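These notes concern the structure reproduced below.
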Amino acid sequence: MTAHPPAAARRGRSRRAVVPLAAVGVLLAGTALTGCGQQRDPDVYTVMNSSTDESYHRWDAEAMARCSKRLGVTVEQQSVPAAQVMTKALRMASSKSLPDIIQFDASEMPTFADAGGLVDLRSLGLSTDDVPKGIVNFGSYKGTYYGASRSVNTLALFYNKDILDEAGVKVPTTWDELRDAAKRLTQGKRYGIALSAGGAEDGVFQFAPFMWSNGGDETKLDSPEVAQALDYWKGLLKDGSLSKSTLNWTQADVNDQFMAGNAAMMINGPWQVETLNTDKSLHWEIARIPVPKAGEDSVGPLGGSVLTVPNTDDEQRERTAGKIVACLSSQKEQLTYALNSWMVPANAKAAAVWREKVPELDALADQVAAARSRTAKLGAGWSSVSLALQSAFQSALTGQSSEAALKLAQQRATSGNRG
Amino acid sequence: MTTSTVTAPASAGKPAAPDPARLRRRRGIAQWGFVAPAVVFMLLFFGYPLVRNVVMSFQHYTPKTFFTGEAPFNGGDNWADVFQDALFGKALWHTLVFTAGSLLGQFCIGLALAVFFNRRFPLNGVLRSLILLPWLVPMVVSGIVWRRILDQDTGVLNSFLDTIGLGGHTPWLTSPGMALFSVVLVNIWIGIPFNMVILYGGLQEIPRELYEAASLDGASAWRTFRSITLPMLKPVVTVVLVLGFMSTVKILDLILALTDGGPADSTQTLGTLTYQNSFVQLDFGAGAVVGNVLILISAVFAVFYLRANRTEGK
């Protein structure tokens with residue numbers, strides 16, 4: 001307060017005020033630069049996937065190491081949670097920093113392809129000769145083959161053999177048998193069957209085999225076939241053979257219930273097998289999902305992920321990325337991956353070998369052969385139909401009539417500028 | 001420059017002092033220098049996203065936009081779509097019920113606990129720190145644990161109710177009529193520590209003499225609470241409620257972990273609706289509309305808060 005600074009110091013002070021400004025400016029420029037276009041390392045290729053589980057991450061790393069060696073490049077994986085793959089890929093697209101390969105859930109692939117984000121795999125030299133038509137379609141959008149699958153999965157009926165034997169219940173094959181078996185297997189705290197009617201994609205995935213096997217279709221949610229399928233679920237609830245908590249269960253929760261002995265049967269997929277096998281005292285087996293009437297086809301939803309090459313405008317790299325995809329989805333790699341993950345190889349020849357090696361999952365291979373992809377008819381429009389359907393079956397299972405709920409769902413799915 | 005200082009030596013009795021106008025200007029520059037980083041920060045990290053969100057709500061913003069950079073303006077289409085969607089009205093109502101219910105529960109229990117701990121008794125400190133625990137647990141973890149606790153068949157809560165003979169088949173999270181209530185209960189549990197800590201701090205500030213005087217006058221406990229504690233606590237109460245409101249109204253993580261908005265959309269709030277529009281349907285324009293509504297609601301309350309603060313300043 002006492003002495004006033006001379007002119008030089010005064011300038012110094014105003015300079016001091018400038019320093020923070022300049023620092024902020026530098027920081028901004030820095031972030032802006034790192035945001036745009038990362039420099040790609042010429043011999044390092046990145047695969048973005050959702051293998052955040054330790055075992056999946058390890059299997060992928062091993063497969064990538066083998067392909068790196070064969071192709072003379074380095075392949076690295078970057079694993080993000082499954083729900084974030086799409087949004088992260090979109091952000092990377094806008095900042096021109098897409099990885100060389102993205103592994104999408106097959107139901108999400110059409111959205112990215114529709115935005116113009118993917119390269120035609122056939123143009124990169126990938127062959128689909130040994131891949132069954134259904135699985136080629138699974139990785140295609142509007143007739144173009146964008147995604148190579150290594151393995152596919154679907155849903156099946158898992159049952160606890162000991163409980164069924166003890167109760168003298170035969171493995172159900174039709175809806176009536178399933179309802180009857182579930183009723184007879186319900187005892188005390190144990191329910192006959194567990195499935196996921198949760199308000200997310202899990203629930204829709206589980207509803208699909210009932211809807212489709214009955215001749216229903218996602219393009220017409222208000223048809224009597226879909227309503228009958230929903231009424232069938234309502235019947236299981238009404239009988240008390242299915243816990244009301246089904247509304248809040250994911251497929252992983254369903255598996256927990258089955259393993260804890262709270263359910264004698266469950267609808268679930270092969271990705272649970274690794275967990276199921278951790279309990280040596282649990283004797284489970286699988287069968288095809290029962291159909292409305294004997295002799296009808298059991299149509300399950302095809303699940304799994306596909307390897308895609310995003311559009312990076314760098315043809316040289318895209319071609320190499322295509323080779324990496326070809327290597328990762330080669331017959332040999334498919335078999336290794338399928339045996340590790342308990343899923344069915346996409347390649348027909350690999351699948352034949354797999355059937356011999358894993359006879360206990362034979363029913364699953366049959367179910368896969370007849371399975372259908374969720375996005376085959378609606379493509380990128382699937383997500384809004386899926387949301388409408390979730391809301392509909394949850395309303396119906398908690399009291400509303402199936403017809404009314406589905407009618408509303410159909411209106412919601414087709415209204416607005418969605419899709 | 002030097003001449004002015006020389007010609008005005010008598011200005012403030014300090015020989016080297018510059019004239020007041022210059023001094024003020026210099027001080028002004030310095031002040032701006034200090035304020036500038038904050039302003040730049042606010043503009044960049046608050047102003048920009050806010051403006052961007054408003055602009056986005058008038059655009060057809062889809063996955064294609066990320067590749068082409070083109071997001072054509074579509075007037076009020078997004079707004080019309082969102083407002084016509086029956087789910088929006090539902091979500092708005094759920095958000096209001098959720099916020100009002102949570103705040104009421106958190107505040108009342110928090111205040112009761114704060115008053116309780118304001119007395120001196122053994123283990124006071126230990127118990128008080130234990131009550132803080134829900135606050136320290138990440139929201140998603142609490143959500144997942146509570147989802148198990150509230151499971152209709154295998155949950156601990158229903159088993160407990162069964163054991164003491166109070167039914168035990170309550171569909172906490174599986175009945176559309178019940179789920180919102182259960183979610184509010186869990187959020188009250190989460191919010192109690194925050195309310196208690198701040199209110200406890202406020203109580204400690206109230207001079208003990210006031211209570212001594214009240215007891216000399218023979219005031220009842222309720223009278224003391226109403227005439228001394230509450231009025232003296234008013235500024236803290238405002239802070240607690242407004243901060244609580246702002247963090248509650250935008251709830252997302254807890255609901256995603258507990259019910260995912262279900263069953264049958266009975267726990268969809270504006271937060272989950274924004275999430276669903278933007279990150280499930282990838283309709284970013286519609287997501288931005290709901291986001292803007294949320295911002296608007298928060299802004300209204302922020303104004304109330306600033307008003308309340310200003311009147312106290314006087």
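Glycine is no exception: its Cβ is also placed from the backbone N, Cα and C atoms.
Positions annotated as region 'Disordered' by TrEMBL: B:1-20.
Within its own chain, the transmembrane segment (B:32-51) is flanked in space by residues 295, which lie at least six positions past its ends and keep a Cβ under 8 Å from the stretch. The feature transmembrane segment is assigned by TrEMBL to B:32-51 (among others).
Taken from TrEMBL, the feature transmembrane segment covers B:91-117 (among others). Counting same-chain residues at least six beyond the ends of the transmembrane segment (B:91-117), those with a Cβ under 8 angstroms from any Cβ of the stretch are 124, 127-128, 131, 180-181, 183-185, 187-188, 191-196, 199-200, 202-203, 225, 229, 237, 240-241, 244-245, 248-249, 251, 265-273, 290, 293.
If you look up TrEMBL, you'll see B:92-305 marked as domain 'ABC transmembrane type-1'.
Among the features that TrEMBL reports, transmembrane segment is placed at B:129-149 (among others). Within the same chain, residues 113, 155-157, 173, 186, 189-190, 192-194, 196-197, 253-259 sit at least 6 positions outside the transmembrane segment (B:129-149) and bring their C-beta atoms closer than 8 Å to a C-beta of that stretch.
Here TrEMBL flags B:178-200 (among others) as transmembrane segment. Long-range contacts of the transmembrane segment (B:178-200) within its own chain (CB-CB distance under 8 A, at least 6 residues past either end) are made by residues 94, 97-98, 101-103, 105-107, 109-111, 113-114, 117-118, 128, 131-135, 139, 142-143, 146, 150, 170-172, 233, 236-237, 239-240, 243-244, 248, 251, 254-255, 258-259, 262-263, 266-267.
Beyond its flanks by at least six residues, the transmembrane segment (B:236-259) meets 95, 98-99, 102-103, 106-107, 110, 139-140, 142-144, 146-147, 150, 173, 179, 182-183, 186-187, 190-191, 194-195, 198-199, 201-202, 205, 230, 266-267, 269-272, 274-275, 294, 297-298, 301-302, 304-305, 308-309, 312 of its own chain at Cβ-Cβ distances under 8 Å. According to TrEMBL, the transmembrane segment annotation covers B:236-259 (among others).
For the transmembrane segment (B:279-306), the list of distant contacts is 50, 53-54, 56-63, 65, 71, 74, 77-79, 81-82, 88, 91-92, 238-239, 242, 245-246, 249-250, 270-271, 273: same-chain residues at least six beyond its ends, Cβ to Cβ under 8 Å. As annotated by TrEMBL, transmembrane segment applies to B:279-306 (among others).
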